[in-house]
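S.K.: This is the structure I want to talk about, given as structure tokens.
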Amino acid sequence: MIINLSLSDTNKRSNQEDEEEDISYLKERIRYLTQMKISLERDLEYYRQEMTKLLEPPYIEAMLLEVLNDGRAIVKSSTGPNLVVKISNNIDNTKLRPGISVALNNKGSTIVEVLPNIYDPFVEAMEIEDNPGFTFKDVGGLQNQIREIYEVVGLPIVKPELFKSLGIDPPKGVLLYGPPGTGKTLLARSLAGEVKATFIRVVASQFVNKFIGEGARIVREVFKLAREKKPTIIFIDELDAIGSRRIEMGTSGDREVQRTMLQLLAEIDGFDPLDSVKIIAATNRIDLLDPALLRPGRFDRIIEVPLPDKGARLEILKIHTKNMKLKDVNLDYIAQITEGLSGAELKAITTEAGFFAIREKADYVYQDHFIKAVEKVKKRLEEKKQILGIHI
Ligand SMILES: Nc1ncnc2c1ncn2[C@@H]1O[C@H](COP(=O)(O)OP(=O)(O)OP(=O)(O)O)[C@@H](O)[C@H]1O
């Protein structure tokens, strides 16, 4: 009996232990499965979001051409045409500059995002100004150049009927040549301002140094954009970088430069002289240019933009000091002592004179500030010439 009792006791205890073990096991399972559930729910949410993203129609990438006054904008869509689109309210309007990349909603009707600065050689290679705020009043001297450039480029834009009725083909392109900083860019930009044309500036040397392999495409795109935004003045700076005479075509870089120039010639040859797209090119080295560029119907008008004479220097100084507070300054004398300096250097003198006045905490800019500024700019120029090995 005693033995029986003890056996049943042992059985009871072992059953109880088993049950406890089972309970503990099941509790452990529940904890594990609850965690699994949480983790799977998290995964599910992630895949749900991914699926929504994948099912969402794509945005359309476009380049901003112009912001209109009524809260809309003109863009050039990556699929081709120019579109007039709305601007979503959450867009910071100060970020909207011509040439930037934007995302349009899937209907292509609204700018919904300003895209980060993605590398697009076409956008980077050119500066575009819809309405350059310059006029001929900003140009000192250069009266003859202003008259000539207005006649051959400006008039055909504002009065094409004059040329049509007389049966005259105006030049398609004008070449400006002269030392650096003499106002070639300024002249072209202010002409665009005078005739209310879009101003597109490209720097030809960048095709060779920066946008290798893209030169011909950029030229094509620039002309396409110019036609879309006409009247347009295309300004090609440093033309010699792609338009130099070449004796041999050794490297692939040379061939690339050649391709870019051929594309440029094809574009110039391809458009109508009465079309309101005009090209102004500039160079410091006309002696290097390929004669092919100077054939009739291409850059057949050549205008020299020389260093300013004394009268022109005075005009340039007056232009760049018109908003400065001057006292007892004899600009005529400053013009006298700055022979050989360019417009850009004269502008630098006015800025430097201002800095001298600021450093001295003066209320006005005095003659002495100008004298010191002239010395400084001349010294800087001298150093530059030494470095470049140019002797005067
Ligand atoms: N004739 C001028 N009248 C007034 N300002 C001038 C004149 N020439 C040059 N400048 C000033 O110098 C700046 C630089 O000149 P600009 O870029 O037009 O010269 P550039 O001849 O095109 O030079 P580069 O050959 O180096 O490209 C102008 O923006 C302007 O402020």
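Using the three backbone atoms N, Cα and C, a Cβ is placed for every residue, glycine included.
Pasting the relevant annotations from TrEMBL:
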| type | residues | note |
| --- | --- | --- |
| BINDING | GLY181, THR182, GLY183, LYS184, THR185, LEU186, HIS320 | ATP binding site |
| DOMAIN | 170-309 | domain 'AAA+ ATPase' |
| REGION | 1-21 | region 'Disordered' |
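I'm curious about the neighbourhood of these features; can you describe it?
M.R.: In the three-state DSSP scheme, HIS320 (ATP binding site) is classed as helix. Residue density at HIS320 (ATP binding site): 20 other Cβ atoms are found within 10 A of its Cβ, drawing on all protein chains shown.
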S.K.: Determine the mean pLDDT over the domain 'AAA+ ATPase' (170-309), rounding to the nearest whole number.
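M.R.: On average, pLDDT over the domain 'AAA+ ATPase' (170-309) sits at 84.
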S.K.: Give me the DSSP three-state residue breakdown of the domain 'AAA+ ATPase' (170-309), ordered helix, strand, coil.
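M.R.: For the domain 'AAA+ ATPase' (170-309), the helix, strand and coil counts are 61 helix, 32 strand, 47 coil.
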S.K.: Can you name the residues of this chain that are 6 or more positions from LEU186 (ATP binding site) yet have a C-beta less than 8 Å from its C-beta?
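M.R.: Within the chain, LEU186 (ATP binding site) has Cβ neighbours under 8 Å at PHE134, ASP138, VAL139, GLY343.
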S.K.: If you count other Cβ atoms within 10 Å of each one's Cβ, which of the binding-site residues GLY181, GLY183 has the most?
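M.R.: Per the Cβ count within 10 Å, the most buried is GLY183.
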S.K.: Rounded to a whole angstrom, what is the largest C-alpha distance between any two of the residues GLY181, THR182, GLY183, LYS184, THR185, LEU186, HIS320 that the record assigns to ATP?
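M.R.: Across GLY181, THR182, GLY183, LYS184, THR185, LEU186, HIS320, the two farthest Cα atoms sit 17 Å apart.
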S.K.: Within 10 Å of the Cβ of THR185 (ATP binding site), how many other Cβ atoms can be counted across all chains shown?
M.R.: 20
